[in-house]
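In Swiss-Prot this protein carries:
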type	residues	note
REGION	1-62	region 'Disordered'
COMPBIAS	9-21	compositional bias 'Basic residues'
COMPBIAS	35-46	compositional bias 'Basic and acidic residues'
BINDING	HIS107, GLY142, ASP160, ASP172, MET173, CYS189	S-adenosyl-L-methionine binding site
Amino acid sequence: MTTEENKTSRNRKRKRQRNPKPSKEEPIETTPKNQNEKKNQRDTKNQQHGGSSAPSKRPKPSNFLDALRERLSGGQFRMLNEKLYTCSGKEALDYFKEDPQMFDMYHTGYQQQMSNWPELPVNSIINWLLSNSSSLVVADFGCGDARIAKSVKNKVFSFDLVSKNPSVIACDMSNTSLESSSVDVAVFCLSLMGTNYSSYIKEAHRVLRPSGMLLIAEVKSRFDPNNGGADPKDFVKAVCDLGFTSVLKDFSNKMFILFHFKKKEQMNSNQKIIKWPELKACLYKRR
């Protein structure tokens, strides 16, 4: 090889050493900067498609707020329910006069509780009325949403602590505006709640005609003497001492008990001292 050829060969070797070709099998290093750029590109792509780089485990806001509202509503219902069972009718009337919205809140909670019952006592009373003459005049003490008046053709006087429609008369149920001996049927459907419940029954006796019917539906646990409730025999005796005769005692339902009484034609001249049993308050536990 000539001197020129050797020189040219050495130059080619130096050039290859200065600019080596990368091996096809050798991985090209990725710098942290490149990794961050790729992550940012992925996050941007996810955001553009409504996605997220990590799935959220939090509940949907609407579901959370609904659950919170339901919990607050349930707590307020329990508070109002306890108040109604532990105060007089006059005190309850004054309370709801100051804040009528509390009455709406109570009845919303009440309807939720009733939705868990397999059978509603108001339907038993409605069926009784439908099976009798529509000419009977009815007084519904503690009418709630006035379902009885909406379900029968009878003339119905609907009483409750607050009136939300013209057909309901707001009053203390121990002192209604009805004339004496003016109605044929008096109804108490889960409404003997005040500490002075006996005065409600006395008012029903006043407004009923002779031979008029008194229909009472109450929570069964209130008449369970083994668990702090009243003895139903004592309750029936007190009502009969007031001037009624017992017609029906129905314990067959799991949730409520039915009493039917008839007003006596004539009252005894000797007034008895009536011993009214204390009815157990029906309080709902927090779930």
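Every residue gets a Cβ built from N, Cα and C, even glycine.
Given the structure is predicted, the values throughout are model-derived calculations rather than measurements.
Feature map: annotations from Swiss-Prot on the structure.
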{"residue": "HIS107", "record": "S-adenosyl-L-methionine binding site", "DSSP class": "helix"}
{"residue": "GLY142", "record": "S-adenosyl-L-methionine binding site", "DSSP class": "coil"}
{"residue": "ASP160", "record": "S-adenosyl-L-methionine binding site", "DSSP class": "strand"}
{"residue": "ASP172", "record": "S-adenosyl-L-methionine binding site", "DSSP class": "coil"}
{"residue": "CYS189", "record": "S-adenosyl-L-methionine binding site", "DSSP class": "strand"}
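Counting other CB atoms no more than 10 Å from each candidate's CB, the binding-site residues ASP160, ASP172 peak at ASP160.
By the criterion of other Cβ atoms within 10 Å of the residue's own Cβ, the least surrounded of the binding-site residues MET173, CYS189 is CYS189. Note on GLY142 (S-adenosyl-L-methionine binding site): other Cβ atoms within 10 Å of its Cβ, all shown chains, come to 20. Largest CA to CA distance in the S-adenosyl-L-methionine binding set (HIS107, GLY142, ASP160, ASP172, MET173, CYS189): 17 Å, whole number. Long-range neighbours of HIS107 (S-adenosyl-L-methionine binding site) (same chain, six or more residues apart, CB within less than 8 Å of its CB): GLY144, ASP145.
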